[in-house]
Structures are given as structure tokens and as C-alpha cells.
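Over in Swiss-Prot, the protein carries these features:
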- 1-27: signal peptide (SIGNAL)
- ASN29: N-linked glycosylation site (CARBOHYD)
- 66-201: domain 'C1q' (DOMAIN)
- ASN88: N-linked glycosylation site (CARBOHYD)
Amino acid sequence: MGSGRRALSAVPAVLLVLTLPGLPVWAQNDTEPIVLEGKCLVVCDSNPATDSKGSSSSPLGISVRAANSKVAFSAVRSTNHEPSEMSNKTRIIYFDQILVNVGNFFTLESVFVAPRKGIYSFSFHVIKVYQSQTIQVNLMLNGKPVISAFAGDKDVTREAATNGVLLYLDKEDKVYLKLEKGNLVGGWQYSTFSGFLVFPL
């Protein structure tokens, strides 16, 4: 028994346990099995930290991630005409067709609202059609530009302003695309805006 306990002490501090339906898990005294139904991902940490936004943590360092850690969206412009949505001078680039919206955190106004603190990935592809004026597209975080992309080749019928970034966001932070310079008179059909939660913090 003594050697067995010494062997257990050598187990790494981080363990992943995946239980299958009906699989018995034995108690520490090996007397009676504990039957767990369904699937459960358990992360053991020798130095646990309390997370009040989506994870529960015990003194033993066992943390179970909440379901709202799954966040993703992708939207596209499905028509090629100048819409009235941009006439309000906000210059927010509007996407009329939402392809993916896991968690429903991408609004009908084409603004993503972060549900929790974490690292998020964003990318965009805004097409300029049939006009020679250069456009500048900014990815905005709470009203401030973070990154930009440009499209301005006069000899190309269709050109795209494209960029991507990883961002640290707090809960309720807002991310959207803004047309900083130029216009989209010819429309921006097939333009896309996508994002997802890489991991929560």
C-alpha cells in the first residue's frame, strides 16, 4: 500500500477525465462504484483560481466549464445594392445574412457583444465593387479602431479589404466594422465578417 501511494503522488498536477455513459468510477476506498451518467470534462489544477464568469471551482481544484464558452458568428452581405442601413451616418458596415450565431451574441445591427471575458478571434473581407475610390475599413472595439484594411486599386473591378486579429475582450465589449473612408456605392455582396471565442479567461 505504501508503494502504491508513492506512485500516485507522481501523477502530474493536471489531469483530464472523460466519463462515458454508465461507466463506474470507484471511490477512494475502493468499496462502492459511483456511476456517472452522460459526459463530464473535469480539469484538476493544483493551484485553482476562482472564476465567477462561467466556471465553477472547488478547493480541490476541480473546474467545470460552462456551456456558454461556445461562442461563434459569421455573417455575409447577400445583396449588391446600396442599402438604407448606412444612411444613418454611423458608417457601421451592415451584414444582412447571418450564417452562424452560436449564443446569439451577434446582433441584427451587425455588432458583436462579448458574453464573457476571453480571447476572441475576428476576421473580415469587405469587397469594393465598380468604383475607383479607395476604401478604409476599421475593426472597432467600443468605438475605437483596432485594425484597418484598405482596397483602392483603380484597375480592378472587385477588390477586398481584408484583415484579422486576436483580441482580449471583457464582458459587454462591442466589436463591429466601420467604413472609415470611401463608400460602398456599388454594394458589397459576398463580404463577410466572422469571429469566435478562442478560450475564456
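Each Cβ is built from the backbone N, Cα and C atoms, and glycine gets one as well.
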Mean predicted confidence [pLDDT] for the domain 'C1q' (66-201): 88
Helix-strand-coil residue split for the domain 'C1q' (66-201), DSSP-based: 8 helix, 71 strand, 57 coil
